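Have a look at the structure below before the remarks.
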């Protein structure tokens, strides 16, 4: 666990909050136990009580200091805690208050970023642990042993803090490298898409534009030469298909370049184009409160309407069509025509029902298509 994550856990978790309360609990216990045996302490009991109150109050200053941050004003509270706790340890040599200098020293360098104040607190902790031992035992080696213990704890705490910081730096470095790799891959993908878009534009779009112009010229010549109405109609229809293909090629180029994503108006444009081309009734309704949809979902809706209308042109030319887009827990799309009897399958070629279902699966949706009592219905549902 990195130091940052560990600090967040200590700041917010119940164990982290209880950890700061340990010295207060030990202090209260020591002062209460000292009340029953006045021969075991070196200072008057009222002074011991006062020191205990100071320790508890100064310990609460730690709640104002977040783990992992540099010692601020709360560091002075930690300093007071160290001085008062060491004096209480001197006054009650038989109590567990020896934890006070060890606790304050470890806290200053383990849980918070070291500052000059932290080293002052460490010095207080070393003196606060060793001096009472020397006064009690008159043994220099014993006092030096306790001082060495505090120093060893300090060094171990610094070492652990340093290792956690190194792990955190390593995690940040790895995250940056991963982000750089992903950005490089994305740039490469965009470059490839741009190349494909250029090829589509240069070859397919130009060819369709030339085809559309040629068909327009052919239609004008047929009209000039008095050709049959059926021939003129066929050429006109071919010209319309070429124009539609050109528009699709341009949309494909825009999608490859991430210039535009079909929106609700694009769905309405498909319905309008069907109405103008076929002369049949075509309606487009939106139910619910519109919301922004992911690009892949919007693209799937667009392609579904497009293919459903293409199937209607193929199998039931001139049939009335009703397209409904509904917003709810699920986004629903229904394309329904009413020509009467319909084949059970789309004709070979084109996008097809299989392709529509595959697109629906890719966005986690479902697509149903089949005959109704009055015609044919395609229904798409997707969670978005």
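Just so you know, the numbers here start at 1 and follow the chain as drawn.
Each residue, glycine too, has its Cβ placed from N, Cα and C.
These features come from TrEMBL:
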- 17-36: transmembrane segment (TRANSMEM)
- 43-64: transmembrane segment (TRANSMEM)
- 76-104: transmembrane segment (TRANSMEM)
- 116-135: transmembrane segment (TRANSMEM)
- 141-158: transmembrane segment (TRANSMEM)
- 160-194: coiled coil (COILED)
Beyond the flanks of the transmembrane segment (43-64) by 6 or more, those residues with Cβ under 8 Å of it:
17, 20-21, 23-24, 27-28, 30-31, 34-35, 73-74, 76-78, 80-81, 84-85, 87-88, 90-92, 100, 107
With CB pairs under 8 Å as the measure, which of the listed stretches 17-36, 76-104, 141-158 comes out on top against the transmembrane segment (116-135)?
76-104
Please average pLDDT over the coiled coil (160-194) for the predicted structure.
79
